[in-house]
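Let me begin by handing over the structure; questions about it come next.
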Amino acid sequence: WYYLNANGDMATGWLQYNGSWYYLNANGDMATGWFQYNGSWYYLNANGDMATGWLQYNGSWYYLNSNGAMVTGWLQNNGSWYYLNANGDMATDWVKDGDTWYYLEASGAMKASQWFKVSDKWYYVNGLGALAVNTTVDGYKVNANGEWV
């Protein structure tokens, strides 16, 4: 759809209408789907309103902040930590950030302060979620790969 301002001119750019945000292209057309603006990605639903929060798209999860911009990197949400890859999709399984490995559950939530088993091997992550390597935890030795030996 198109939107005409009070003076009758066709609106372009960001528009807040009835509590939702929309983006109208240079020709006045309402944008939908993924949209890049000033270096950030946004998702505009089929009705054009800007999405915020968790978004499932083509089998992957994304997080759009309160301004609608797609988040990348670490995100704390509802008491859990998540990692969103450079393309914005939520990571699961093992993630290496810098020199440190982390394990993210199928839900995307980072494991912390616990022993857990993956492919018949036991691992320990500390309170910050970092994989313990080359050390002893609770009397159990873990190797350079973080595996209990």
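Glycine too: its Cβ is placed from the backbone N, Cα and C atoms.
When I checked TrEMBL for this same protein, it listed these features:
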type: REPEAT; residues: 11-30; note: repeat 'Cell wall-binding'
type: REPEAT; residues: 31-50; note: repeat 'Cell wall-binding'
type: REPEAT; residues: 51-70; note: repeat 'Cell wall-binding'
type: REPEAT; residues: 71-90; note: repeat 'Cell wall-binding'
type: REPEAT; residues: 91-110; note: repeat 'Cell wall-binding'
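In terms of burial and nearby residues, how do these features look in this structure?
If you look at the repeat 'Cell wall-binding' (11-30), the same-chain residues 6 or more away from its ends with a CB under 8 A from one of its CBs are 1-5, 37, 42, 44, 48-50, 68.
If you look at the repeat 'Cell wall-binding' (31-50), the same-chain residues 6 or more away from its ends with a CB under 8 A from one of its CBs are 1, 20-25, 57, 62, 64, 68-70, 88.
Beyond its flanks by at least six residues, the repeat 'Cell wall-binding' (51-70) meets 21, 40-45, 77, 82, 84, 88-90, 108 of its own chain at Cβ-Cβ distances under 8 Å.
Tertiary neighbourhood of the repeat 'Cell wall-binding' (71-90): same-chain residues 41, 60-65, 97, 102, 104, 108-110, 112, 129, selected by CB-CB distance under 8 Å and a gap of 6+ residues from either end.
Taking Cβ pairs closer than 8 Å, the repeat 'Cell wall-binding' (91-110) reaches residues 61, 74, 80-85, 116, 118, 123, 125, 129-131, 133, 146 in its own chain, all 6 or more past its ends.
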Treating G and I as helix alongside H, and B as strand alongside E, what does DSSP give for the repeat 'Cell wall-binding' (91-110) in helix, strand and coil?
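Looking at the repeat 'Cell wall-binding' (91-110) with DSSP, the answer is 0 helix, 11 strand, 9 coil.
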